[in-house]
Amino acid sequence: MVRSILQKPVLLQHNAEKLEKLLQDMCADEDGDDILIETAVKNIPKVFLVSTLASVTPAQPFIFRNYQYPVGTPEVPIATSKRSGTTMLGSPTTGTQVGCKRSAFVGSCKHLLWEAIRASCAAPYYLDDFSDGVYRWLDGALLANNPTIFSIREAQILWPATKIDCIVSIGSGSLPTKARKGGWRYLDAGQVLIESACSVDHAEEALRTLLPMHPEIHYFRFNPVDERCDMELDETDPTIWAKLEAATKDYIDNNSETFKDACERLEVVDQVRGGIAADHDGGVGANTGCVVLLQMENTSYFAASGHKLGAFCSFIFRFPYYRFVASAVSKVILQDLGNHVLVGKDDEPVRQLISMISNDNYHVVRQACSSLSTLAGDVSVAMKLMKCDIMQPIGAVLMVSSVSENLVSVLQVVVTLAIRSDTIAEMMLTNDVLSSLKVLCVHKNPEVQRLALLAVGNLGFCPENRHVLVAVEGFRELLVQLTATPEPRVNKAAARALAILGENESLRCAIGGRQIPKRGIRILSLDGGGMKGLATVQILEEIENRTGKRMHELFDLICGTSTGGIYAAALSIKSMSAYRLEEIYKNFGKVVFSEPVPNDNNSATWKEKLDQLYKSSSQSFRVVAKGSKHNPDKLERLLKDLCVDEDGDDRLIESAVKDIPKVCLISTLVSVMPAQPFVFRNYQYPVGTQKAPCVTSESSGTTARVSHKQSGLIGSCKYQLWQAIRASCAAPYYLDDFSDDVYQWRDGGLMANNPTIISMREAQLLWPDTKIDCLVSVGSGSIPTKVTAYQNCVVNEPLLHSIDFTSYLSPPLQARKGGWRYLDAGQVLIESACSVDRVEETLNTLLPMHPKIRYCRFNPVDERCDMKLDETDPAVWQKLEAATKDYIENNSEYFNIACETLVQASADSDTEK
């Protein structure tokens with residue numbers, strides 16, 4: 001499907017003229033005029049259709065509607081002013097809303113009905129774009145495949161004094177999340193862009209996050225999730241239709257109660273309304289529909305090769321003298337970490353090593369355990385160890401051995417195995433192993449205690465094990481008691497175990513951590529943006545200067561994507577100042593981006609690279625298959641140096657034992673289809689928190705108000721900090737993807753370039769009984785929206801149909817490269833997938849319903865913010881810094897309000913500690 005949507009426009013699948021003729025016949029009005037606004041005189045619901053306005057950069061949602069907004073409603077300008085970009089909700093003193101007047105989306109009620117439908121359905125590859133001579137539109141699904149948020153915004157603007165009572169959102173079926181066909185190591189970048197841009201789940205995640213705060217709103221989401229929903233957009237085979245219909249019927253049957261609740265609610269609303277919406281109604285009923293536009297598939301291959309140690313491994317374990325064999329094997333494995341895969345291929349060597357665990361000779365046990373720990377570093381080999389019953393001798397040693405040295409060696413194997421995968425950890429935790437570990441946690445040898453506690457923690461990464469461990473009588477109290485022991489190694493390991501088990505309040509008390517202020521949670525969200533992040537850090541410096549405090553003292557949760565992820569980790573886990581961070585990041589950019597890897601076109605930007613692939617009729621649209629612009633080895637070395645921990649372990653969860661904010665970094669998990677946001681975090685959710693599975697059940701897909709249980713996104717706290725940053729920063733074309741034995745990640749900006757909504761969801765899961773008090777979102781700068789015409793085209797009149805763009809046009813009209821009449825669909829996909837404005841629009845829609853949440857958005861909008869992700873020219877940096885400086889000066893009042901709020905909240909926190 002990727003190759004389909006990114007073909008040249010002349011290779012269209014279907015003739016648009018047939019569709020237009022059908023639409024004109026269907027929409028013909030008895031009075032001969034089917035302009036949308038004509039229907040407003042009828043006693044029918046308000047209606048709107050969403051399309052993608054592609055004649056501006058970046059592309060914008062466009063609302064075709066059969067109504068006009070009330071007089072005085074502000075509408076979004078196509079070209080934003082240099083001062084725009086700041087939003088403030090809620091005064092710190094009065095709680096009233098400041099500077100957040102709801103504005104309408106770009107749109108019109110003057111088009112013909114058939115034109116609106118045609119523009120909304122202009123799916124790339126299937127149908128040509130639609131144009132009226134001034135505007136050009138693509139399918140609305142590129143920006144709003146699930147238009148529920150838009151329906152809420154439109155209702156708020158139409159009836160500003162009336163609450164929303166009922167929302168019904170209907171999907172057209174989705175596929176369960178699954179591993180990509182053919183593997184993911186050579187994944188098509190365009191495929192992930194399509195999945196992100198056309199996802200119906202982004203809106204659903206936002207609604208799941210914010211609507212629970214309003215239980216009076218009855219929200220229903222109907223969307224079957226089933227393999228039988230796998231259908232091309234233009235499918236005409238009746239047998240495939242029948243499969244989809246059967247899946248939908250099963251879905252309806254399985255969710256009968258939810259349908260009953262929705263229908264009963266709608267009947268109540270209908271009785272109140274009497275068929276007509278009025279100011280005295282109990283609320284506005286919004287019914288939205290969404291269309292699944294695209295499904296993708298992917299292929300790849302894996303190669304295998306021989307190994308020089310093959311012959312050696314075929315006979316070495318037949319040697320009878322275990323002591324010398326164990327030493328030799330240990331040296332062979334440690335000499336080259338790739339050797340453990342070869343050794344692990346053969347059952348006999350593995351079984352021989354396992355048998356050495358029960359040997360009477362300490363040296364044999366130590367060397368065998370050292371080899372086994374190294375072998376367990378590979379998931380496939382670790383699974384083979386489990387199949388060869390490694391836990392039988394391990395369990396025996398843990399239960400009966402009185403030799404501390406042997407216990408230490410065996411526990412090291414347990415620690416390594418337990419962290420390798422949840423499946424392995426669940427297999428390991430038997431009743432006997434649990435009883436032995438509990439005893440060893442109070443062993444007289446501190447190193448045995450430490451390793452037993454580490455083993456408990458690593459086993460607790462598995463959700464099923466966490467439930468078992470938390471339920472053990474007196475175990476939580478034992479861990480809390482051990483955090484107070486005089487042995488630092490033991491009390492740190494005990495605190496770590498509490499953190500992994502999600503006992504966050506017990507952990508806070510044990511380490512003397514600060515309390516969440518009574519006023520509520522304080523959140524900092526940081527956008528991605530590459531070297532444009534210099535604008536972000538400049539804004540953070542201003543906040544630190546005005547408050548006199550560092551970020552880790554002001555916030556309870558810091559969340560970041562890509563560059564914002566680097567900042568989040570540095571500001572929280574490393575407790576850096578923003579000023580120090582600026583120095584490090586400039587050096588970081590010079591080192592990582594200074595010498596591009598030689599290739600055919602290093603000067604092109606990422607978007608231009610995609611343009612070239614598209615225009616050359618590339619069938620696979622692979623940006624990263626032949627490597628990346630920059631060598632990721634430099635980045636990884638820098639990250640390892642930056643993230644090194646004094647104790648030699650920089651796993652994210654290790655920082656939970658410090659009195660610092662919670663932190664999460666957002667990446668894009670691309671080893672599942674569709675791609676999903678992945679949350680790297682330095683905390684564990686409380687026990688009982690529902691997590692989103694990588695593979696959804698066939699019966700899922702229904703959301704009702706009564707089932708608004710918050711669920712966590714896919715994520716983990718057991719990765720190393722440098723791995724989390726590397727995964728969050730893996731921007732296609734610039735840097736290779738990042739992978740471990742199981743997953744593959746790309747830059748988080750593909751899914752959540754503005755991670756504010758994800759940060760709110762994480763806060764709600766961490767502190768479910770505490771409200772959000774202050775939410776600060778910092779961008780990395782944007783350029784004003786520009787109206788673009790195709791080359792050699794002169795626009796002689798104000799743009800038609802509802803908005804006079806000319807008042808916003810200070811720069812000359814600029815054309816998309818190649819002309820917008822043959823617009824690259826890939827360009828619009830990038831703009832949609834990586835947009836920070838979609839989240840901002842959602843928050844501007846939903847947060848006014850929560851006036852007690854004080855929300856600040858800082859993001860300079862200026863031509864000087866136009867910078868490549870890997871820009872290293874100091875002159876360009878200076879332009880960005882100058883634009884940010886002007887932005888700060890022009891919005892000084894907003895900064896003062898935000899900083900006063902943060903200072904007061906910080907003072908409350910210090911008092912309550």
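Indices start at 1 and increase along the chain as displayed.
Positions of Cβ are set from backbone N, Cα and C atoms, glycine also.
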Motif 'GXSXG' per TrEMBL - which of 560-564, 645-649, 815-819:
560-564
Give the range, chosen from 234-239, 528-533, 696-701, that TrEMBL lists as motif 'GXGXXG'.
528-533
For the motif 'GXSXG' (560-564), jot down how many residues DSSP puts in helix, in strand and in coil.
2 helix, 2 strand, 1 coil
The motif 'GXGXXG' (528-533): which same-chain residues, six or more beyond its ends, come within Cβ distance under 8 Å?
560-567, 585, 589, 593, 728, 731, 734, 747-749, 753, 779-781, 834, 865, 867-872, 877, 880
Per DSSP, how many helix, strand and coil residues does the motif 'GXGXXG' (528-533) have?
4 helix, 0 strand, 2 coil
Rounded to the nearest Å, what's the C-alpha distance separating SER562 (active site, nucleophile) and ASP747 (active site, proton acceptor)? Just drop the number here, would you?
6
Tell me, roughly as an integer, the mean pLDDT over the domain 'PNPLA' (524-760).
79
Tell me the Cβ contacts of ASP747 (active site, proton acceptor) under 8 Å, same chain only and six or more apart in sequence, or just say none.
GLY528, THR561, SER562, SER667, THR668, SER728, CYS729, ALA730, ALA731, PRO732, LEU735
Local Cβ density at SER562 (active site, nucleophile) - other Cβ atoms counted within 10 Å:
33
